Amino acid sequence: MVSNQDYTEKIRQLMKDHNSWMESSINLIASENITSSRVKEALLSDLSHRYAEGLPGERLYEGCRYIDEIEELTIELSKRLFRAEHANVQPTSGVVANLACFFATAEVGDPIMAMEVPYGGHISHARVSAAGVRGFQIYTHPFDFENMNIDADAMKKKILEVKPRIILFGGSLFLFPHPVEEALEAAEEVGARIMYDGAHVLGLIAGGYFQDPLREGADMLVGSTHKTFPGPQGGIILCREELAADIDEAVFPGLVSNHHLHHVAGLGIATAEMLEFGAEYAAQTINNARKLAENLHELGFNVLCEHLDFTESHQVVMDVSDIGRAAEISKRLEANNIILNKNLLPWDDVNRSDDPSGIRIGTQEITRRGMKESEMSEVAEYIKRVVMDGKDVRDEVAEFMSSYTRVHYAFEDSEAYKYMEIQ
């Protein structure tokens, strides 16, 4: 008979098995990353047990002496890294951060403009998620299919026509910078706020690459802190000082009661790492993405936007409809320890998200494991051998990845996937 304690050991073993599998895999999921041992240490701390409702110095709970200092430090580091007037580090996810900005700057029934999901927009920008929860009328940005980006000229005309309350940039399929500056004049004319969902590219922005939304005219830069930004899971809002009070109130008490204090500490540590190493890390991530795209293209894959050097972000996007079903291809790759995801492309039916034509790849995690351009040809070759040649490369991938088991771009040299066992 299985005892209750046996279940705890089963779960612990599954966690260990997961860590071992990730260490042996080429993880190319564009929305994931690994944290340093110092960030992991924060996540294991007593802060995970505590409550601190409200802002630092204005808590509704006692016992926050050190918690206040940690959050204040994290706020100051975030403002410094992104050169922002105000930062709120309490959102528990990127979607919660988006919702807070929606509540702070617009009302039910207001029109907004955002990317349609197959064009690259995040689900939280759509009627089925956060934007719909807020009750917005959602208009979509005109899209340039060839260049995989918003059509800037058509966008400006549509802003004047629709008069949106929020012009929302950013997305989850995100190869090139969005036309923030180009929207500014029209936004001012109709009284719209510009919001930039930088969840996927936050680490690139922090490193000084991709684009600089706050300098280009965005009122709010919002994102999750665990994709290209190598922190713990959570959200952040960076904004103009004039919006600070409304956004803070939308976060608490509006959407978050107690925020995750151990994640705030981890975010502060990750932000310090990015101040030190962010430029080098971001540049290498983008260089790796371009090189991987080039290698995949040379091997016969239909990698999008060859005429634009494929990408300016961490992402590489392929249309695999000419060689198979993306859903089946991604499963075959997973069986060979190559982890990525199927993805809707602009020409796909939004109702067929389970059977799209695209594959999305991200290079941020393998970059943090120490890979550079020279390794991208090997990664591409493994993908080709599975997808086009039908080979089993699982053992070869595990052997290949055994040389890349440590976290780079951090203050200490540590194992990336070590199971942190507490006795």
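Even glycines carry a Cβ here, placed using N, Cα and C.
According to its DSSP assignment, Ile123 ((6S)-5,6,7,8-tetrahydrofolate binding site) is helical. Around Ile123 ((6S)-5,6,7,8-tetrahydrofolate binding site), the C-beta neighbours below 8 angstroms that are at least 6 residues distant in the chain are Val117, Ser129, Ser172. Look at Swiss-Prot and you will find Gly121, His122, Ile123, Glu242 tagged as (6S)-5,6,7,8-tetrahydrofolate binding site, backed by sequence analysis.
The secondary structure of Lys227 (N6-(pyridoxal phosphate)lysine), as reduced to three states from DSSP, is coil rather than helix or strand. Long-range Cβ contacts of Lys227 (N6-(pyridoxal phosphate)lysine) within its own chain (separation 6+, distance under 8 Å): Ala30, Ser31, Glu32, Asn33, Ala199, His200, Val201, Leu202, Gly203, Gly362, Gln364. If you look up Swiss-Prot, you'll see Lys227 marked as N6-(pyridoxal phosphate)lysine, on the strength of sequence analysis.
Under 8 Å, Cβ to Cβ, and six or more positions away along its own chain, His226 (site 'Plays an important role in substrate specificity') finds Ser31, Glu32, Asn33, Thr35, Pro232, Gln233, Gly234. The annotation site 'Plays an important role in substrate specificity' is assigned in Swiss-Prot to His226.
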Of Gly121, His122, Glu242 (the binding-site residues), the residue whose Cβ has the fewest other Cβ atoms within 10 Å: Glu242
Mapped DSSP class for Glu242 ((6S)-5,6,7,8-tetrahydrofolate binding site), helix or strand or coil: helix
Farthest-apart CA atoms of Gly121, His122, Ile123, Glu242, residues recorded for (6S)-5,6,7,8-tetrahydrofolate, distance in Å: 28
